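Notes follow the structure.
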Amino acid sequence: MKVTVVGAGNVGATCADVLATREIANEIVLVDIKEGVAQGKALDIWQKAPILGYDSRTVGVTSDYARTAGSDVVVITSGLPRKPGMTRDDLISVNAGIVKSVTEQVVAHSPNAIIIIVSNPLDVMTYQAHLTAKLPREKVFGMAGILDTARYRAFLAEALNVSPKDIQAVLMGGHGDTMVPLPRYTTVGGIPVTELIGKAELDAIVERTKNGGGELVKLMGTSAWYAPGAAAAQMVEAIVRDQRRVFPVCLELQGEYGINGVYLGTPVILGKNGVERVIELQLNDDEKALLETSRGHVKEVMEALDKMTAVA
Ligand SMILES: NC(=O)C1=CN([C@@H]2O[C@H](COP(=O)(O)OP(=O)(O)OC[C@H]3O[C@@H](n4cnc5c(N)ncnc54)[C@H](O)[C@@H]3O)[C@@H](O)[C@H]2O)C=CC1
Ligand SMILES: O=C([O-])CC(=O)C(=O)O
């Protein structure tokens, strides 16, 4: 299996490192526009192989898409991260151009690849890539839900003093303040979370999760990479190993939840064909209202992108 990661910055390099270290793909190509950066990081990952004991090959290239040809999966992380004081949506004008040009190159060289978008603002960059790639939504989708759910699970594990492995949860909606955590679908070793934690504490964890990206931006001056890179690698793994994992991913809703043509997170089954099935949850009225707020927000940013594209 051949996997390309575009963008050899914090998230892309971490993703490539997880893919190599866990031998998720035997050939990993890291691409960046900055001369030498992808080559250097790929070489460093390869030189770690004898120490940790793996045999996945990692190579790096500067904008040489010929080297990515025939990739089975491509992860797009290229683009600016936000700085303190910025929202993810502030990145739209720069990152839309990057995601568009990268997607064109990716599709030209790997027409059968499944494409995973990571660049922000995530939901609208998934829209941009899907428009550009002209592939079915099952082949072009975005990573956010695994990360947001992981943050929520980590906070719960800390509060309950249990293993994060035993917390099962799902979040929906846009990747931002309007994301839709679903405590009703959260369990701890099979036990509904509401039996183990009080409402006020759970509400505080939900709020912290919504601001999870911003919390890290404030601490570090740039956005997170360890969990995001690993989350993207976990999606790649589900595809290349045909695991049929159930994960929340961002894709174009086509009638699910009564929503059409808006890019939002929903649980899906991920396997060798990409999205094998979209799972439509039976939301209650409160959850539907939260999803509607999220839909409205993402739709506004999609329209901002449409306007920019019309002007350009
Ligand atoms: N979906 C999610 O949950 C998350 C999304 N992100 C987003 O991922 C993106 C990357 O974040 P970081 O890796 O931290 O940023 P970074 O600045 O460390 O890396 C970005 C890399 O993209 C490269 N790049 C820019 N234009 C390019 C092009 N045309 N072709 C190839 N490479 C190009 C840059 O040279 C740089 O090395 C940001 O937009 C960030 O907001 C970050 C974390 C989580
Ligand atoms: O917060 C950011 O800008 C990056 C991101 O999407 C996240 O870490 O959730």
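Using N, Cα and C of the backbone, Cβ positions are placed for all residues, glycine too.
TrEMBL does not curate its annotations; it predicts them automatically.
Copied from TrEMBL, the annotated features are:
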DOMAIN    1-142  domain 'Lactate/malate dehydrogenase N-terminal'
BINDING   G7, A8, G9, N10, V11, G12, D32, N95, V118, S119, N120  NAD(+) binding site
BINDING   R82, R88, N120, R151  substrate binding site
DOMAIN    147-304  domain 'Lactate/malate dehydrogenase C-terminal'
ACT_SITE  H175  active site, proton acceptor
DSSP three-state assignment (helix, strand or coil) for V118 (NAD(+) binding site): coil
DSSP helix/strand/coil residue counts for the domain 'Lactate/malate dehydrogenase N-terminal' (1-142): 69 helix, 28 strand, 45 coil
Proximal residue to N120 (NAD(+) binding site) among recorded positions R82, R88, R151, H175 (C-alpha distance): R88
Among R82, R88, V118, N120, the binding-site residues whose C-beta sits under 6 Å from ligand 2: R82, R88, N120
Fewest Cβ neighbours within 10 Å, where candidates are the binding-site residues G7, G9: G9
Close in space, distant in sequence - V11 (NAD(+) binding site), Cβ under 8 Å, 6 or more apart: T77, P81, V118, W225, P228, G229, A232
Fewest Cβ neighbours within 10 Å, where candidates are the recorded positions R82, R88, R151, H175: R82
Filtered binding-site residues, from V11, V118, R151, whose Cβ is under 6 Å from an atom of ligand 1: V11, V118
Candidate recorded positions R82, R88, R151, H175, pick with smallest Cα gap to G9 (NAD(+) binding site): R82
By Cα-Cα distance, the member of binding-site residues G7, D32, R82, R88, R151 nearest the residue listed as 'active site, proton acceptor': R88
Packing count at D32 (NAD(+) binding site) (other Cβ atoms within 10 Å of its Cβ): 25
Mean of pLDDT values spanning the domain 'Lactate/malate dehydrogenase C-terminal' (147-304): 97
Inter-residue C-alpha distance, R151 (substrate binding site) and G7 (NAD(+) binding site) (nearest angstrom): 23
For H175 (active site, proton acceptor): DSSP state (helix, strand, coil): coil
